[in-house]
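Participant: After the structure tokens below, expect a handful of questions from me.
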Amino acid sequence: MSEPAPEVPEELFREVKYYAVGDIDPQVIQLLKAGKAKEVSYNALASHIISEDGDNPEVGEAREVFDLPVVKPSWVTLSVQCGALLPVNGFSPESCQIFFGLTACLSQVSSEDRSALWALVTFHGGSCQLNLNKKCTHLIVPEPKGEKYERAVKRTSIKIVTPDWVLDCVSEKRRKDEAFYHPRLIIYEEEEEEEEEGDNEEQDSQNEGSTEKSSVASSAVASPAEQPCSPKPRAEVSKGELMFDDSSDSSPEKQERSLNWAPAEAPPLNTAQRRLPQGKGPGLINLCANVPPVPGDILPPDMRGNLMAPGQNLQNSERSEILGTWSPAVRTLRNITNNADIQQINRPSNVAHILQSLSAPTKSLEQQVARGQQGHPNASAVLFGQAKGAPETHVLQQHHPPQQPQQQHPALHLQPQIMQLQQQQQQQQQQQQQPQPYPQPPSHQFPQQVHQHQFSQQQLQFPQQPLHPQQQLHRPQQQLQPFQQQHALQQQLHQLQQQQLQHHQLAQLQQQQQQQHNLLQQQQQQQQLQRLQQQQQMQNQAAHLSQASQALQHQVLPQQPLQLSLQPPPQQQQQQQLFGHDPAVEIPEESFLLGCVFAIADYPEQMSDKQLLATWKRIIQAHGGTVDPTFTSRCTHLLCASQVSSMYTQALRERKRCVTAHWLNTVLKKKKLMPPHRALHFPVAFPPGGKPCSQHIISVTGFVDNDRDDLKLMAYLAGAKYTGYLCRSNTVLICKEPSGLKYEKAKEWRIPCVNAQWLGDILLGNFEALRQVQYSRYTAFNMPDPFVPTPHLVLGLLDAWRTPVKVTAELLMGVRLPPKLKPNEVANIQPSSKRARIEDLPPPTKKLTPELTPLVLFTGFEPVQVQQYIKKLYILGGEVAECTKKCTHLIASKVTRTVKFLTAISVVKHIVTPDWLEECFKRQTFIDEQNYILRDAEAEVLFSFSLEESLKRAHVSPLFKTKYFYITPGICPSLATMKAIVECAGGKVLAKQPSFRKLMEHKQNKSLSEIILISCENDLHLCREYFARGIDVHNAEFVLTGVLTQTLDYESYKFN
């Protein structure tokens, strides 16, 4: 930053169009301008949003609405230092990041581990430093010792954690409690090394300092592969960060997507190898640069000194040579290659190991062995503590049970890499041993070691060729002088430990390959096992339902395996066996509910409108059905919303047909009694008011008309929020086809895309589907009808439909078939409303001037009545208004909250009753309106207003004059309706969501118009930043009731 302008490469930011939010350092702006960046005045036009304040609403708008990258100013400065545009990942200023606000001091960790930890913390919003001062919030230290540790203990403001706290936080995507990661809680296992400790005390004390620097003191730090490098060399981290982001989520769906990223990481591996010194692969570099790490939780510090002391001087020259030629850029490339392993700790082992084997099959011993130690501490203790063949094999078998026989061809391409790695390690050992020939240890150890190599390789199916160079390596040493045996014993112990580490690594790689094949076979067999999985899921979830529903499930489920095994296509056969009425009996279309006796449950408690329930009864009776006030044995149908009730259990036990009001609506439309065939036709499997999807915000794409309405209702019944739009806050997108803009955006934003069957299964009791959005049955979009319920979930409900509804002869005789009409009679019978519309209106008897001509609208009347009024209006010389804004008179019989009424109240001169028009027609002239003003005492008491006073206020000044409104898109009534009401009242509706800065600017400057925010329950996720800033957001009643009463009520309708 001291010389910003000259340092900026020419046209570095030529493609950058930036929009700055908040106060940005002027030097950063100068860097951007020097690199030919362009500043835009509106965030939607920008390619990058630059801000230090991640909670600013403008930042949220850019991210949610325009999907723009938001970066901190440090992205600019580091891009200049690197001479290239850095990827935007890792530079987010948002406060939702795991380590936001954290300042960590790193102590007593190796340089590579420090780089990895530094990258993890800064990538997730924190900052790191090497000095312990007042700014520090955390001290990351592997062991409870050292000067920084002693000082941090005395400060309550500094939390002390081990490095694995960072890894676990990143793995679980949340900041975990630091108390469980204090270094004092580390437990060391010393049983395996007690004998060697006494022999090497003196040498351990000499190497203690170097041990702290070169070893990894915490097992979790060495567990994952190398993380992205320290912040400075970030120019080559783009692909690594992409993999990092993709693998940072532990959800099953994103684990599967990680497989797609893995092949893209192969080229960086080759690049890294090309840039290494000749003759040295990644494994060789790590062996020379660092002694293989020993986890702090397994071995005590003195034991680690023993393990690293032999041969240490031999490695110094090699290490300095390698470190001199191995640049940070090379390490960065290697870390990019290994990035797939970041945060794999808590994942299923098969997925994690597949990623590891695909992305970096030839990783260093340091990384691979350490990762194995994370999962198998006992095995590590045995491997490091003693050079025995049988115990090692036993431990491997214990922790890695035999896998099923798999195809061998994917493993073949890995074996040459393993052999190459072995040969490189053997060459290194030869280089170390030849300058100082030490005597051979006692002969009984070497045959034992050979046996170990052979047994392990046979067990793991690895080629035994690399064994021979090792045998040749040891034979010349057998002729050395006896006085060097003690020193050689230590050196040989070190070699054996490295060999054991090597074979442990090979075992890990082989296990990864086997697990990869297992996962692939599971995916291939998934479709064949779908029905069996569904049965098991149904049995598991039966335990979570209520007692009544549980009893039902136990009655239905025992028959499922037999039916599914005996009937391969159950859905087709069931469809053939289900009946409404007997096909042999002719039922009149108008009486298609003949023989059906309904009892109604659940709905009376849920419906506030009792008139609607009475309407149902009237409609059922009009089509030949009967409604009983209680459930009796003569009932044939139970109309219910939920499976969790005693009435439902009784009805199912008596083989009654249990259906919903939605089914009734469907058969009324089709005029035919038919079995239920959609998920909405069946009662839901949870109690009324239950909300299994309460955490979901659902959007749909590809569905129109009735199908879209059905999905809205299904989402409502499941307790989910529904949005007609798609934003990053949505949790699920329900697709008809895998195409369209919403689908593409959902894939880009990693929003699960499922079919409609997913939601139907949840309604019918398969709550496991909530965690199975990635299952193939829910991601298949070529289904003929995605609303058809899963057969095994409705077996018991369909059982009653296997016999037809009985219709007695008396019932049929009581129904008179309507006489067939002649064609000319059919033509003459037309609805009166249509007849009125096509008739020519009589010419007006009087011609009035435009100023005196009433422009009238009608609301709250039947169409036939409206046509009669229009005829009289035309005779008198009046006209029907083209739109509300031009209307002078609104004719209504009562106060109604229709669009016409709520828009007209702000602009019309008079709201009158139909009596005014009738009286005008009698007198054949328009008379004074004062005696015919609409008065509705009931509505005025209900809404606590006076219609006459409201009209007077509207005439004085429009209610929303000089006011701006931002209305969220999911508002009900629709956005178009709300906009019409607001604009008629003098307000204006903003098309774009206003930023916090704009809101405050309008609030503080009295000369600017006020901005009012209107939203609804389903859109509250769009207003999170407003709530965080204490800005009021109101519901639709602020507008609807406001225009009716012509008042502004800022308190009654705001969200808390």
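Any Cβ shown, glycine's included, is placed from N, Cα and C.
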Participant: Out of 277-294, 367-384, 655-672, 727-744, which range is noted as motif 'Nuclear localization signal' by Swiss-Prot?
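Facilitator: Checking Swiss-Prot against the ranges 277-294, 367-384, 655-672, 727-744, the motif 'Nuclear localization signal' one is 655-672.
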Participant: Considering the residues Ser223, Ser957, which is the one that Swiss-Prot annotates as phosphoserine?
Facilitator: Ser223
Participant: Consult Swiss-Prot and report the residue, out of Ser230, Ser251, annotated as phosphoserine.
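Facilitator: When Swiss-Prot is consulted, phosphoserine appears for Ser230.
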Participant: Six or more residues out from either end of the motif 'Nuclear localization signal' (655-672), which same-chain residues have a Cβ under 8 Å from its Cβ atoms?
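Facilitator: Tertiary neighbours of the motif 'Nuclear localization signal' (655-672) are 580, 589-590, 592-593, 603, 616, 619-620, 623, 635-641, 643, 648, 678, 680-683, 710, 713, 797, 799-801.
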